[in-house]
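Please read the structure below before turning to the comments.
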């Protein structure tokens, strides 16, 4: 650790991983609700559990991004973070806000209250006071990081990272605008939901990936930066108008069907680019970095993001196809592999890379960490296949044959049982990962040394 | 970059790599749009032919000459910029921009005439594509004029090359749109 304030990242990563554990546990509960529809129906209704699953995902990924920024910006800018206190204050606000959302929803307190009541808009369900807290935390973060970068060295990695992070914060402001007209509501809603994951988050992803490639492969910064700018340009070119693929059936004019189909088809390009980037860097790289787990997660991230976000996204993005598949299990299949590949794996990659450095140790528990990669990636891939087949059957029975929704769900039961199995693998993988990065080790285990169990 | 050997691969491209990324992306988008247009036309050849009859092919033909001439001026501007004739280069860029404006005026008159006939993008699939593709192209003409203005302001051989590359792309797209939408 070259800079003392990089330590801030440790706190962020810990909270992020705690929420990750919560997220996948709730995911497992949801998986069982699909198998047995009345499971916990009185205690945690499906919609509340579903909200917890997606919101804790978004929050922990963001905490991971913040942690990554606090870790890599000092190294890139070659100076300490502007204010350590503010960084911890920001984390505290986010933790209180997250707890506030959970309590508000689980016990339905302050129902209907303008400031404290639940808002019930998917992904932006937070009560107003939490939304305000998020904005304050975002302002603190942007001030802190921007001041650090402005006073220090400016690199392509910090430029693109800041562009992405500023975009995330500015787009979140649309969550305060809630038109009574449902079509308009949805239109602005996608400004956040789509332009985050298919725009600004991709910039964050590309810059963190670039940082990891720079460190892990030892390829010249000049080469990495050229790739990074191209990837950022491709992401924005395809992603911004790609928003149109959410405007097919919400009451917006018909030309969105073509704009959405054409531009969102191109969204596969930046994801292919990131995969090509990661592999080319590793092939060209001369450095044999000891942190193999971080490298595995980086390559896994780029590859699974290409398949989850790119290929599975394209699968149902053309409006002629989406007319039939919209909102079926095909969407769930895409959502799971895209989020896992692009953003979960990215966070786990930077955590795998940063943790040994933050704790002042050599990379350790590599075998466990890599095992957790294969458990999670394998589980998630199998889950994606299961849900894709479920979605295909569902599309035919429900949308082509016109059978009732619940009748079709009964027929999908076997797929949901298999999906629950894959969920167990993912949860085990997550627990294993957290154990592998946190379990203190006294000595480094070297591969091939006999007598030492290579756990 | 600092090596003395002749540049290879993507480094051999004139101008800026980012401009070529943009140009290829634009060509993909317009190519996909035209492919979709032709595919939908197959489903309704009579309706498309009937709708096409309402277009003003003469105005579009004039616009083709205007835009290609404008591209020629941009190419001449690059040559002047490379030989250090800054004033002349700026004049030629100005001429290219003026012709770009002429293109937009003709385009505008075309849209006004359509609108007076009560034709909107909802009238027929043909007009959906007509408005979408030519409108999208017109936005690129506006962007191109802005880029040429910036190039004229901060003139250098490299900037002129990058600006002219974008302008030629706008040219090229029109030369593809014109026959497919207005004539075929």
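All residue numbers here begin at 1 and follow the chain in the order shown.
Heads up, the Cβ atoms here are built off N, Cα and C, so glycines get one too.
Note that TrEMBL annotation is computational and uncurated.
Now, the feature entries from TrEMBL:
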type     : residues  : note
DOMAIN   : A:1-455   : domain 'Cytochrome oxidase subunit I profile'
TRANSMEM : A:12-35   : transmembrane segment
TRANSMEM : A:55-74   : transmembrane segment
TRANSMEM : A:86-107  : transmembrane segment
TRANSMEM : A:127-145 : transmembrane segment
TRANSMEM : A:157-177 : transmembrane segment
TRANSMEM : A:189-214 : transmembrane segment
TRANSMEM : A:226-249 : transmembrane segment
TRANSMEM : A:255-282 : transmembrane segment
TRANSMEM : A:294-315 : transmembrane segment
TRANSMEM : A:335-355 : transmembrane segment
TRANSMEM : A:367-393 : transmembrane segment
TRANSMEM : A:413-438 : transmembrane segment
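Residues 5, 8, 11-12, 15, 19, 44, 48, 51-52, 55-56, 59, 63, 66, 70, 116-118, 125-127, 129-130, 133-134, 136-137, 140-141, 143-144 of the same chain lie 6 or more positions beyond the ends of the transmembrane segment (A:86-107) yet place their CB under 8 Å from a CB of it. Long-range contacts of the transmembrane segment (A:55-74) within the same chain, counting only residues at least 6 positions beyond its ends with a Cβ under 8 Å from a Cβ of the stretch, are 2-3, 5-6, 8-13, 15-17, 19-20, 22-23, 26, 80-81, 87, 90-91, 94, 98, 101, 123, 125-126, 141, 145, 148-149, 157-158, 161, 165, 168, 201, 204, 208, 211, 339, 343-344, 346-347, 350-351, 354, 358. The average pLDDT the prediction assigns to the domain 'Cytochrome oxidase subunit I profile' (A:1-455) is 94.
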